[in-house]
Amino acid sequence: MARPSLSPSNPLGFTPWPVTVITAVVYLALVVPLLVVHHVVPSAPSSSPKGLNLTEAWADLQELTHGFHPYNSHRNDEVHEWLLKRILELIDSAPPASEYGSVGEEKPDIVVFDDTQSNLTFSGRGSGLGVYFESTNIMVYIRGWEEDRERWWEDPHGRPAGKGGVLVNAHYDSVSTGYGATDDGVGVVSCLQLIKYFTTPGHVPRRGLVLLFNNGEEDFLNGARVYSQHPISQLPHTFLNLEGAGAGGRATLFRSSDAEVTKPYMRAPHPFGSVLSANGFEAGLISSQTDYVVFEGDLGLRGLDVAFMEPRARYHTDEDDARHTSLASVWHMLSAAVATTEGLVSDASSRFEGLPREDGRIASGSGPKGVWFDLFGSAFVVFELHTLFALSVTLLVVAPLVLLVTSIALARADKMYLFRSSASPEDSDGSEVVPLHGVRGFFRFPFLLVIPTAVTVGLAYLVTKFNPYIIHSSEYAVWSMMISAWVFLAWFVSRVADFARPSAFHRVYTLTWLFLVEWVFLVISTVYENQYGLAGGYFVLFVFAGTFLATWISYLELFALPRKSDYATQLALPSRRTSSHGSRLGTASGEDVEDGEDEDDDGTTAEATETTSLLRGQRTTFANYVRVTGDYLRDDDEEPRQPNLYGHEQAWSIHLPKWVWVLQFLLTAPLVLIFVGPLALLLTSALRQTGQDGSPSLFIYIAVAALTTLLFIPLLPFIHRYTHHIPLFLLCVFAGTLIYNLVAFPFSPANRLKLFFIQEVDLDTGVNHASLSGAYPFVHDVARRLPSTAGQNITCDLAMLRPKCSWHGIPPQVVQPAAASKMEDWLSYNITKSDSEPKAQLSISGRNTRACKVVFDRPVLDFQVADSAYDPRFPHVSPDGTKEIRLWSREWGHTWTVDVEWAADAEETDEKGPGLSGRVVCLWSDGNSAGVIPALDEVRRYAPVWAGVSKLSDGLVEGSRRFEV
């Protein structure tokens, strides 16, 4: 029998072709712009805006990235001197005072601080690590026109008056294996341009502005911590930190302190970011930190963290250079920095002022936690977390009540077909009923949701087992596999269900299920908002709001149906006539009809015999419907159909509007794509290459599977109307991408595997071991390719969550033979032990280095570094003692004097010997000259094109000598 359908001439009808085309077009119309926004950086303007010079900025970036410039390198000193020169050039190039007068301003006072005096000893919280660091920071202070003219910082007891200023920070050191273009060269040149901008007439700041070029960020955020010891650090109450956790692309707002300090970022021409990234940082999904934690956590400032985030494969490698970034990326960070800083320095309120604090931190006040996100990289939304909480609670209460009231109204109007299997004619005593089949479709949703989602989760485990790093280079192959599998299975399951039990209520029941599921998620999100201050679930509110409206429309749609009693009466009329003519309004096809015995003319029933049908009481009328027990009316699937009825759905569905589904789809799918789509892309970019850092690979695949469900779950109410074309195409896509994801090599020249290098030398014996850490077995394969490993036994052990493969390396030449003929002369130390107390004094120096450390076999109780400053905001000893003391100096060949104290009973409990024991280690990090670290040169030369090299620790070469007292 032919399967009738609604008129194909209606372009908005709920029929296969309109549903397929409209849903596909809407998804493409939103997904494509999201991808473009995520991957394409807005072009820099053809001419520089007033107060900026992009040509200068690009030239500065090229000069800055001329070589590796970690703190412990001679190139770092060159960068320091170059920065001072450039800063003075920019200040000298400021217009004369007369030009400021023409716009009603005064030329601002500018003070440059070259801090070569500050130092600090501090500890890593709970890590058993102590650090002594000497500053080479550069600070530029542009006095605000609202500030007084006193030079308060020259008074040892001086304090800034008036409202707090603004700090903009970038670090000018790089890692020893990266040129530092985006980490943090773009931030540095942005700060240079801010000097130019805020010394231009018309841009003089209201509040004081401090531009900090800090040195030593890469080695435990040392530069930001020692900045706290300079008097100018008392001025700023707010800050903007410019960073790079990737290598190019867009600069994203990673995190911020509160809603008030975030609002100036709304001025950015191309805002980018989501509060969910801040929650991800707090959860430790990204295994790195920025100076933000020092300024906010240790100093008490309120501010923002803007950073590049991808690709992490280039982060801290030689591909973090000017060639792999662009002027567009420079402009994206610079424009955001200008807009945000201008908003902060022009603020006339007292919102960033607070009561004095007893802990010594800045009295910057406190603001409400914020919720923030961008919309297509063009607009930025900021509101307070308690607003989100209030909206969430309101919607949690109002939405169910609205549906409940609507359901009651439907019931009173006798139009509540949902959950109704039958209805009685109006004048019936209840013994005669007409089938409605209103329950059909209610139990489909769990299968529609669980089966596709379970398969995608299974795919996540499958890929993790056989090719866990494929997402490193082929993230969209993984996405394509997940999406194609999910959509095809959802379509297949829905088509099977629709074929077996067709229902006009598939849409309303699926939306009702979605409403219930999302209501539960909104409850969870609201609890986390209230209890833990987590705002990352903001998207649930908007998605739930759209689903609620779509569900409500489905309920309102039922008012278009006839009253159930009228409908049943109209169907029952033929059974009460002797005529063979009858109504077919109630015929619902797809039901099998069993013939029963005819009634006698007087309505009596023939006496039952052994030949009587077992279905006695079920009677076929002249109208071809059937009475079951109690005159239950049924239909015959051979009956002629209503012309506007779709398929074998219930006959009463012809009264339902045919276009409403479009409105429902537009209320659900676009909201999901707009709010969840950017989060999916952000999470993929931020985490897809973290497996090489030791993070669990399974997490990102599970996240992709879960996000696939979130992104495509709006299709479930409509997908049973899909034609077979797109699902079958997706089945082919799934087959191809599954094979590719299981067998393809996971790395490429554009997405290299990052390996971590270190060479450790025993200066007493001359024995050295070069090591590479990284993903196994690839790290072993790379080590085996090196000429120096031929014939050697490469040993691989687990270290710092990563396999570490070591071999006897080519001896380093970090100290020239003319300076020291023997390796043991590279490092000198002297230890003097107290005769009466468990104390000792160590004097340590290294040749051609300004970084050493002392590693103890057992934690010491206390230590003091000669001439060091101490600050109660930065405890210098961990609660469980100190096992390692890192020593940094601004001078080459410096001698550190360290006094240590250990437990009084240590001599009695030490099985290794009396007193104190451990290693003195010096670090060499300058890899700019070939032949200085030949083992590293060999790795760079012979490693495959799909592998890159980064540093494992602060030093590329670590030379050690043992001590015992």
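Cβ atoms here come from the backbone N, Cα and C positions, even for glycine.
Here the structure is a predicted model, which means the values were calculated and not measured.
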Which of these, ASP183, ASP291, ASP298, ASP347, does Swiss-Prot say binds Zn(2+) 2 at the same site as GLU218, HIS316?
ASP183
Swiss-Prot has HIS171, ASP183 binding Zn(2+) 1. Which one of GLU99, GLU105, GLU106, GLU243 is in the same site?
GLU243
Return whether the side of the membrane given for GLY438 in Swiss-Prot is the same as that given for PHE499.
yes
Packing count at ASN793 (N-linked glycosylation site) (other Cβ atoms within 10 Å of its Cβ):
8
Quick one: pull the CA-CA distance for TYR315 (site 'Transition state stabilizer') versus GLU243 (Zn(2+) 1 binding site), whole Å only.
12
GLU218 (Zn(2+) 2 binding site) and ASN830 (N-linked glycosylation site), distance between Cα atoms, whole Å:
29
With an 8 Å cut-off on Cβ distance to the ASP183, GLU218, HIS316 Cβ center, who else from the chain surrounds the Zn(2+) 2 site?
SER174, VAL175, GLY178, GLY180, ASP184, GLY244, TYR315, ASP320
Out of ASN53, ASN119, ASN830, which of these glycosylation sites shows the lowest number of other CB atoms within 10 Å of its CB?
ASN830
Cβ-centroid neighbourhood (8 Å) of the Zn(2+) 1 site, HIS171, ASP183, GLU243 excluded
ALA170, GLY180, THR182, ASP184, GLY187, GLU217, GLU218, LEU242, GLY244, ALA245, THR290, ASP291, ALA307
Take the C-beta pairs under 8 A between the transmembrane segment (388-408) and each of 442-462, 473-493, 533-553, 662-682, 726-746. Which stretch has the highest count?
533-553
Inter-residue C-alpha distance, ASN53 (N-linked glycosylation site) and HIS171 (Zn(2+) 1 binding site) (nearest angstrom):
21
Per the Cβ under 8 Å criterion, with at least 6 residues separating them from its ends, the transmembrane segment (533-553) contacts 274-276, 278-280, 369-371, 373, 385, 388, 391-392, 395, 399, 402-403, 406, 508, 511-512, 514-515, 518-519, 521-522, 524-525, 660, 663-665, 667-668, 670-672, 675-676, 679, 717
